Amino acid sequence: MPTFVDPSKCDGCKGGEKTACMYICPNDLMILDPEEMKAFNQEPEACWECYSCIKICPQGAITARPYADFAPMGGTCIPLRGSEDIMWTIKFRNGSVKRFKFPIRTTPEGSIKPFEGKPEAGDLENELLFTETALTVPQVALGQKAQIADAETSQCWFDLPCEGGNR
């Protein structure tokens, strides 16, 4: 569902150098027409369909044209974003309207602690990665030989010398 700008609603973010939709578009598709001072999607086929431009537009000038299997040709999708949820309004070409409301977040903002319980970063001399913990050799296995079928010599942990000269 690529996005389209309604020129009658777009005010070019009050004549600024960069509109909100230009700022937020990850694919740099939204541009400002310097003559009319209206934003538009320069390549709708390349739209990633993230709908960031729709959600950020202060005038509600950007809409998504839904795929035919979702809403028949001529329909539009319009979001209304609140602080806790987003409501999508689907206008069908016959005039009927349906609304769907979804939460924006399922966890309180700031409640996720991704590095909790992880070691402190900054030890560049450590051979372990940031998230790795040191692995130790099991005490039971130290000094015991591990028999490997069809091997010429037996192998053991490297803490003690192995018989047969292999290390």
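Counting begins at 1 with the first residue displayed.
In case you wondered, yes, glycine gets a Cβ from its N, Cα and C as well.
Feature list (source: Swiss-Prot):
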DOMAIN    1-35  domain '4Fe-4S ferredoxin-type 1'
BINDING   C10, C13, C21, C57  [4Fe-4S] cluster 1 binding site
BINDING   C25, C47, C50, C53  [4Fe-4S] cluster 2 binding site
DOMAIN    38-67  domain '4Fe-4S ferredoxin-type 2'
SITE      E152  site 'Important for interaction with AprA at the substrate channel entrance'
SITE      D159  site 'Important for interaction with AprA at the substrate channel entrance'
SITE      E163  site 'Important for interaction with AprA at the substrate channel entrance'
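Geometry remark: C25 ([4Fe-4S] cluster 2 binding site) versus C57 ([4Fe-4S] cluster 1 binding site), CA distance 11 Å.
Here the candidates are the binding-site residues C47, C50, C53. The one whose C-alpha lies nearest to that of C13 ([4Fe-4S] cluster 1 binding site) is C53. Residue counts for the domain '4Fe-4S ferredoxin-type 1' (1-35) under DSSP, split into helix (H, G, I), strand (E, B) and coil, are 9 helix, 7 strand, 19 coil. Taking the C-alpha positions, the distance from C50 ([4Fe-4S] cluster 2 binding site) to C21 ([4Fe-4S] cluster 1 binding site) comes to 12 Å. With respect to C47 ([4Fe-4S] cluster 2 binding site), the closest of these binding-site residues in Cα terms is C21, chosen from C10, C21, C57. Neighbour list (C10 ([4Fe-4S] cluster 1 binding site), Cβ cut-off 8 Å, at least 6 residues apart, same chain): K38, A39, Q59, A61, I62. Rounded to the nearest whole angstrom, the C-alpha distance between C53 ([4Fe-4S] cluster 2 binding site) and C21 ([4Fe-4S] cluster 1 binding site) is 5.
When secondary structure is read from DSSP and collapsed to three states, C53 ([4Fe-4S] cluster 2 binding site) falls in the helix class. Neighbour density at the Cβ, taken as the number of other Cβ atoms within 10 Å, is lowest among the binding-site residues C47, C53 for C47.
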